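Trainee: Got these off TrEMBL a minute ago, pasting:
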DOMAIN    1-114  domain 'Thioredoxin'
SITE      Asp33  site 'Deprotonates C-terminal active site Cys'
DISULFID  Cys39-Cys42  disulfide bond
ACT_SITE  Cys39  active site, nucleophile
SITE      Gly40  site 'Contributes to redox potential value'
SITE      Pro41  site 'Contributes to redox potential value'
ACT_SITE  Cys42  active site, nucleophile
Amino acid sequence: MKNAKPVSNSKNILVLNNKNFKTATKKGVLLVDFWAAWCGPCKIIAPTLNEIADTQNDFRVAKVNVDHNQQLAQRYNVRNIPTMLIFRDGKEAGRIVGVKTKRAILKEMEAVLAS
């Protein structure tokens, strides 16, 4: 895992930081992946998130590097990575911790979209 190559992000994935996070999560539904470059499980889930970002129109996908944005990780109590937070109109509406299948992630997203 240590030598695993980093996976490049889809052009449809937003890269968030302390400055643009609030604006990006303010409106609509957004799946935010909290990750780190050294995290093996984060590298495993990356292609799945890229695929979701490239095929979904009902919500957006974003990433937050926890090493560069520790304040955000602390604010949202992210203790393990990968952790994916689901935001709806600026409020946390769901949380997915660990590597999950595309189907499991989409099921969580569908529940938020339906509420």
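Every residue gets a Cβ built from N, Cα and C, even glycine.
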Trainee: Identify, among the recorded sites Gly40, Pro41, the residue whose Cβ has the fewest other Cβ atoms within 10 Å in this structure.
Mentor: Gly40
Trainee: Let me check the 10 A CB neighbour count of Cys39 (disulfide bond). How many other CB atoms are there?
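Mentor: Step by step: centre on the Cβ of Cys39 (disulfide bond), count other Cβ atoms within 10 Å, giving 18.
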Trainee: Would you count the other CB atoms within 10 A of the CB of Asp33 (site 'Deprotonates C-terminal active site Cys'), including those on all shown protein chains?
Mentor: 26
Trainee: If you average pLDDT over the domain 'Thioredoxin' (1-114), what do you get?
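Mentor: 92, rounded to a whole number.
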Trainee: Determine, using Cα-Cα distances only, which of these recorded positions is closest to Asp33 (site 'Deprotonates C-terminal active site Cys'): Cys39, Gly40, Pro41, Cys42.
Mentor: Cys42
Trainee: So for Cys42 (disulfide bond), how many other CB atoms are inside 10 Å of its CB?
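Mentor: Here the count is 24.
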